[in-house]
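J.: One structure, as structure tokens, below. Some questions next.
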Ligand code: SAH
């Protein structure tokens with residue numbers, strides 16, 4: 001089944017962009033996923049093709065009009081989640097990416113200027129997604145990030161030898177550090193355990209490193225990981241303070 005991506009944007013020429021090369025590009029050529037980048041401006045109804053207007057209540061910049069956005073959304077086949085890139089949205093996670101990659105595809109709205117008229121989110125059941133706590137000039141880069149994260153998970157894209165299950169975030173932890181040849185570089189050597197050939201010791205070291213690094217670098221992830229572990233097998237959550 002093809003993962004169908006529709007991107008609604010004022011700059012369709014930004015697509016596929018970087019998704020046209022390497023793994024994603026090959027998968028696009030093979031039909032593993034499809035891309036339809038549509039210009040929001042085509043759905044404007046006045047003779048000047050107006051897509052935006054000044055913010056109600058005053059203030060700087062321009063806001064994308066809900067009626068124009070709705071017409072763009074309504075042109076897309078139903079049955080796929082409709083996402084909008086917004087800094088106010090839910091932070092994108094590997095779990096959300098995996099769920100999207102398991103589905104039929106996605107429609108992504110890319111904002112520009114000051115963003116979207118708020119009414120579009122309710123009016124068309126649009127899910128707001130953020131790619132991080134910083135401001136981009138437009139949603140297109142966010143859409144590329146989201147699509148790249150989904151596409152590499154599609155069956156066949158990464159190759160049979162690679163499962164992706166060991167990766168950072170997949171088990172709720174960051175990945176352990178990686179090394180490759182040469183064994184010694186500028187006086188720094190690869191940890192002895194990784195050269196031991198002892199698979200049990202290597203696995204134990206990697207687990208310990210993943211846990212330590214997550215605890216030190218990302219206390220937020222570590223807290224969630226620990227919280228998930230105190231869940232009983234039935235799924236009922238135990239109170240941590242008891
Ligand atoms: N005034 C808005 C920012 C608009 S930035 C605010 O303060 O919330 C213009 C567009 O870039 C947004 O509509 C959105 O589509 C995109 N964008 C900016 N930062 C983003 C982020 N962190 N994640 C996802 N999309 C983002």
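For all residues, glycine too, the Cβ spot is worked out from N, Cα and C.
Note that the coordinates shown come from a computational prediction; the quantities given were computed from them, not determined experimentally.
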J.: Per TrEMBL, what member of 111, 123, 156 joins 131, 132, 133, 134, 135, 136 in binding S-adenosyl-L-methionine at one site?
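T.: Site partner of 131, 132, 133, 134, 135, 136 for S-adenosyl-L-methionine, according to TrEMBL: 111.
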J.: In the structure shown, which of the binding-site residues 111, 132 has the fewest Cβ neighbours within 10 Å?
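T.: Per-residue Cβ counts within 10 Å for the binding-site residues 111, 132 bottom out at 132.
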J.: Given the binding-site residues 131, 135, 136, which one has the fewest other C-beta atoms within 10 angstroms of its C-beta?
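T.: The binding-site residues 131, 135, 136 were compared, and 135 has the fewest Cβ atoms within 10 Å.
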J.: Just to be sure I understand the contacts, which binding-site residues have a Cβ under 6 angstroms from any atom of ligand 1? Candidates are 132, 133, 135.
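T.: Cβ under 6 Å from ligand 1: 132, 135.
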J.: Other than its own, how many Cβ atoms are within 10 Å of the Cβ belonging to residue 134 (S-adenosyl-L-methionine binding site)?
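T.: Taking every protein chain into account, the count is 7.
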J.: What is the number of other Cβ atoms found within 10 Å of the Cβ of residue 133 (S-adenosyl-L-methionine binding site)?
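T.: Total other Cβ atoms inside 10 Å, all chains included: 7.
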J.: Do you know the mean pLDDT across the domain 'tRNA methyltransferase TRMD/TRM10-type' (6-223)?
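T.: Its mean pLDDT is 96.
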